[in-house]
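Residues or ranges marked as domain 'SAM' in TrEMBL: 6-65.
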């Protein structure tokens, strides 16, 4: 099994079973994962609606964290 940041991220979402598929489909770091949409989840093999919602919510949080950090950097 892969041991990288994406695996750790999916593990915190309680979805580590998708880690290998994420990496196999090119989602091997969180910057790339921020671009995930429904077609990507289809390709990765995430079919369970609850799992898809959990991933979408986590992606939203990643993007929000970036926006907050960018705003802080800009004001400094």
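Placement of Cβ uses the backbone N, Cα and C atoms for every residue, glycine included.
DSSP labels the residues of the domain 'SAM' (6-65) in these numbers: 44 helix, 0 strand, 16 coil. Averaged across the domain 'SAM' (6-65), pLDDT for the predicted model comes to 95.
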